[in-house]
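**Student:** Below: one structure in structure tokens.
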Amino acid sequence: MPHASLDAALGPALTARRAQSLYRQRRTLASPQGPEVVVDGRHLVGFCSNDYLGLANHPDVIKAFRAGADDLGVGSGASHLVCGHSREHHALEEELAAFCGRERALLFSTGYMANLGTVTALVGKGDGIFEDRLNHASLLDAGLLSGARFQRFSHNDPEHLERRLAGSDARRRLVAVDGVFSMDGDCAPLVDLARVANAHDGWLMVDDAHGFGCLGERGAGTLDAQGVAEAQVPIYMATLGKALGTAGAFVAGSEALIETLIQFARSYIYTTALPPAVAAATRASLRLVQEEAWRRTELNERIAQFRDGARALGLTLMDSRTAVQPVLIGDDRRALALASALEQKGYWVVAIRPPTVPKGSARLRVTLSASHSRAQVAGLLSALADSLHEFASVEAP
Ligand SMILES: *Cc1c(COP(=O)(O)O)cnc(C)c1O
């Protein structure tokens, strides 16, 4: 039922968003994630999921999910602190802690909630939170919600962070960054950030949503890849819905950190635990991450192939060696038009526009996966070349 007063109040912002080419629309998938997907009834080669290792539809992961549901049912029934903490959740936490080389790990239902709960449990009024300005929205929101004094520093600029910290009289100082920036694909300079944070009694937290599983020889993430010791980054967070192909997130760190989160992280305490079968499936993914290093090799080969090909086409790439390979377009309408031209040719790439990225920096966010074939990447490159060509001639006077 339409509601006159509510709908009238909401209308103008929707109209404005449409007029600015910023309107968002959902597409409906009728297939598992994978290199080929069925979207609104059409078969497309997808280059927009975060299933970087091709585990979201892996038979071992599905089997573990099924077995988990057979053993433990579907719903967890309650939050972890009431009666929803199952043996599968517990075993996964222990395996994640061991894999990350940390005392403990704590599962959250989503990455958004992990960030919200962790930041707000660690800092509040009288404290300082320092964030890279390109951090993921969940970290930025967490900082705002915490009530701590929120200071942003320039992207990947440890010197700017140092000036911020030096000028701060905050009681506690939490420095939070993405390990791999989600819309740019570049990595935080963790060695320098850790040095600066530690010199000013700041605690460094890394959100490794796009690094965990993909980076480092063992797939242990950005710290592993950059040779950063655990002690330099006392708070490590990563998500399970990307490279691990399932859902949820975790924070890993010391006994004191994890116990603090169990006691004080509101988004941990006041929400239903993930279905235990999701934890069971994630345990299978975590084994594949460790046993099948070839997935990272394949992924890195596709990344190199895409970058070489895109450079040859004269495209503007970003400073990224990760699976996130945005092609910078600039104008919102042009980015949308290119995405729709690619779709005509059978390739699904999403145009990312403000406010997700800064104004004037709309981009085609291409994401690669170990499950893409060389031929599929080559096909995307040639579709990109054709689409750019079409638009060049359309726009010529
Ligand atoms: C995806 C993402 C999150 C949120 O994780 P969800 O599990 O999807 O809620 C947090 N941080 C970063 C950097 C992300 O890319």
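Using N, Cα and C of the backbone, Cβ positions are placed for all residues, glycine too.
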**Student:** Of His43, His58, His80, His210, which one shares the pyridoxal 5'-phosphate site with Gly111, Tyr112, Ser182, Thr239 in TrEMBL?
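**Tutor:** The record-listed residue among the candidates is His210.
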**Student:** In TrEMBL, the substrate site includes Arg24, His136. Which of Thr322, Thr356 does it also list there?
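**Tutor:** Within the candidate list, TrEMBL flags Thr356.
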**Student:** Filter the recorded positions Arg24, His136, Lys242, Thr356 down to those whose C-alpha lies within 10 angstroms of the C-alpha of Tyr112 (pyridoxal 5'-phosphate binding site); answer none if the list is empty.
**Tutor:** His136
**Student:** What subset of the recorded positions Arg24, His136, Lys242 lies within 10 angstroms of Ser182 (pyridoxal 5'-phosphate binding site), using C-alpha positions?
**Tutor:** His136
**Student:** Between any two of Arg24, His136, Thr356, the residues recorded as binding substrate, what is the biggest Cα to Cα distance in Å?
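**Tutor:** Spelled out: the longest distance between any two Cα atoms in Arg24, His136, Thr356 is 18 Å.
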**Student:** Express in Å, rounded to the nearest integer, the largest CA to CA distance found among the pyridoxal 5'-phosphate-binding residues Gly111, Tyr112, Ser182, His210, Thr239 named in the record.
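**Tutor:** Largest pairwise Cα separation, rounded: 14 Å.
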**Student:** Compute the C-alpha separation of His136 (substrate binding site) from His210 (pyridoxal 5'-phosphate binding site), stating it in Å without decimals.
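**Tutor:** If we compare the Cα positions of His136 (substrate binding site) and His210 (pyridoxal 5'-phosphate binding site), the gap is 11 Å.
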**Student:** Quick one: which of the binding-site residues (Arg24, Thr239, Thr356) have their CB closer than 6 Å to ligand 1?
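**Tutor:** Once distances to ligand 1 are taken from each Cβ, Thr239 fall under 6 Å.
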